[in-house]
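Asker: The structure follows.
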Amino acid sequence: MMTKVLGMAPVLGPRPPQEQVGPLMVKVEEKEEKGKYLPSLEMFRQRFRQFGYHDTPGPREALSQLRVLCCEWLRPEIHTKEQILELLVLEQFLTILPQELQAWVQEHCPESAEEAVTLLEDLERELDEPGHQVSTPPNEQKPVWEKISSSGTAKESPSSVQPQPLETSHKYESWGPLYIQESGEEQAFAQDPRKVRDCRLSTQHEESADEQKASEAEGLKGDIISVIIANKPEARLERQCVNLXXEKGTKPPLQESGSKKGRESVPTKPTPGERRYICAECGKAFSNSSNLTKHRRTHTGEKPYVCTKCGKAFSHSSNLTLHYRTHLVDRPYDCKCGKAFGQSSDLLKHQRMHTEEAPYQCKDCGKAFSGKGSLIRHYRIHTGEKPYQCNECGKSFSQHAGLSSHQRLHTGEKPYKCKECGKAFNHSSNFNKHHRIHTGEKPYWCHHCGKTFCSKSNLSKHQRVHTGEGEAP
C-alpha cells in the first residue's frame, strides 16, 4: 500500500545507492511498525558465547549449532581472514578492559581493536588536560547516541512516524542499503551494522529515556576516570614504590602539583638496569629483589641450604649443588696424573699445579696464585681485614671457612665421618687426609721427579731436596 502511494514498484530489488533513498525510508517505517529490528554483531557474539550444551539433544547437534552461531557472528562468506581475526582480537581486548571502560567503549561501537585503542587514548588525553572536571562541560560534544536521540524524529513514538519527503532524507544516503527485502536484511546489515544500530536508536528512544541515559553516562564517566587513573603505568609504579617504602618503614614524599595538594608524588619510570633495591646494612644496590635477598645472607650468616650427606650448609642453592657433586661417585674430569674431579673448574685449578700457572698476582708482595679466590684471601694478610667474627668468643677470622671450623670447637660438631672406620672429624681437610689412608690416593705430584704424595705437607718437604733447602724424607 505504501509503495503504491509513493509510486514505487511493488517488488524491490537491489539498486544503486542513489536510487535507494525512497525504499529505505519506507522499509524502515514498516519494520518499526512491526517492532522488528536488525540483529547486531554483539547479539550474534553473545548467542555464540552463551550457547549451552544442554540446549541441544546431543554432542553432534551441539557442534553443528555452534558452527551456525559462529558463522552468524564472524560471517566468513563476506569477511576476510584479517577481518575475522580483528573481530576476535577486539573481543578479547574488550574482555581484558575494566568493567567501566568496557561499557564506555561498547557505547562507541568500535569496529576494530585499533579503533577501541584510539577511543581510550583520546579519553586519556582529555583527562590529562588542565582544569579537567568530572562533569561534562557545556560545549563538550555529545555521544553519538545522545545526538541521535535529541533529534526531532527520536522524540516521536514509533507508531507516529510518518513518511518524510525525499529532500529531508538525504542524511541516510551514505548509509548504503539497509532494508531492501526480507532476504536481503543480513547482507545490508553486514555492510554497516553500527549505523543500523544508530538508526534504530533514533526511532526508538524517547526524551525521558535519553535524559536517564545521559545521567547514567555522567556517573559512568566518573568511574571511567578513576579506572584510567588507577591503571596508568605511573600509577602502578607509584603503588610499587609505596610498597617498597613500607618495607623499609618510611613514607613516600608528598608534593603539590597544580590544584591537587598532598597527593603522593608519582616517580618516573625506572630505566632498564636501574638498581632500586638497596641493602639497609651496607647500602649496596641491586636491580631485583632476589639478588638483594641473597646478599642479605652475607650479613645475617643465614645458610638455609643444607647438604643431606654431610650436613654442610650454604647460603646459595647453586653452591649446594656444586658441593653435592663431591659426594657423587661420578667424576668425569680426569687429570693426566690420575686425579679426577666432579667439576671442570676444579680440574683447571688442579692443572695449574702441574703447569705452575699463576695468573693472579698480589700487587703488594708479587706472590701469584692460581685462583682469584686465593688472591682475595691472601690480600687480607696485607690489609689485616678479618670480617668474620665468632659470636661466642669474639675471635675474628679473615676467611669464612676459618670461622666455620672454629665454631665447631664450641659446638663439638664433627660432620665429616669416615665410612670405612667410622672416625669423625670437624674439618674437611683432616677428613680428606684420613680418607687417603684407606684409598691409597696420592694427589700431590712433584713436577721435578714425578713422585706423588698423599698430603701437601709431605710434597713441600720433598721439594726441598730439589731446591737445596734440605734432605728428602
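Placed from the backbone N, Cα and C atoms, the Cβ positions cover glycine too.
Below, the features straight out of Swiss-Prot:
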- 148-167: compositional bias 'Polar residues' (COMPBIAS)
- 258-272: compositional bias 'Basic and acidic residues' (COMPBIAS)
- Lys27: SUMO2 cross-link (CROSSLNK)
- Lys221: SUMO2 cross-link (CROSSLNK)
- Lys232: SUMO2 cross-link (CROSSLNK)
- Lys349: SUMO2 cross-link (CROSSLNK)
- 45-127: domain 'SCAN box' (DOMAIN)
- 127-167: region 'Disordered' (REGION)
- 247-272: region 'Disordered' (REGION)
- 277-299: zinc finger (ZN_FING)
- 305-327: zinc finger (ZN_FING)
- 333-354: zinc finger (ZN_FING)
- 360-382: zinc finger (ZN_FING)
- 388-410: zinc finger (ZN_FING)
- 416-438: zinc finger (ZN_FING)
- 444-466: zinc finger (ZN_FING)
Asker: Per DSSP, what is the residue tally for the zinc finger (360-382) in helix, strand and coil?
Answerer: 11 helix, 4 strand, 8 coil
Asker: Using a Cβ cut-off under 8 Å, which residues of the same chain at least 6 positions beyond either end of the zinc finger (416-438) come close to it?
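Answerer: Hits for the zinc finger (416-438): 310, 405, 408-409, 454-455.
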Asker: Please give the sequence-distant neighbours of the zinc finger (360-382): residues at least 6 beyond its ends with Cβ less than 8 Å from one of its Cβ atoms.
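Answerer: Hits for the zinc finger (360-382): 349, 352-353, 398-399.
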Asker: Cβ under 8 Å, sequence separation of at least 6 from the ends of the zinc finger (305-327): give me the contacting residues as numbers and ranges.
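Answerer: Distal contacts: 294, 297-298, 342-343, 415-417.
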Asker: Over all shown protein chains, what is the count of other CB atoms within 10 A of the CB belonging to Lys349 (SUMO2 cross-link)?
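Answerer: For Lys349 (SUMO2 cross-link), the count of other Cβ atoms within 10 Å is 16.
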Asker: Quick one: average pLDDT across the domain 'SCAN box' (45-127), no decimals.
Answerer: 83
Asker: Give the nonlocal contacts of the zinc finger (333-354) in its own chain as ranges (CB under 8 Å, at least six residues past its ends).
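Answerer: Distant contacts of the zinc finger (333-354): 322, 325-326, 370-371, 441, 443, 445, 447, 452.
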Asker: Provide the three-state secondary structure of Lys349 (SUMO2 cross-link) computed with DSSP.
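Answerer: Going by the DSSP assignment, Lys349 (SUMO2 cross-link) falls within a helical segment, counted as helix.
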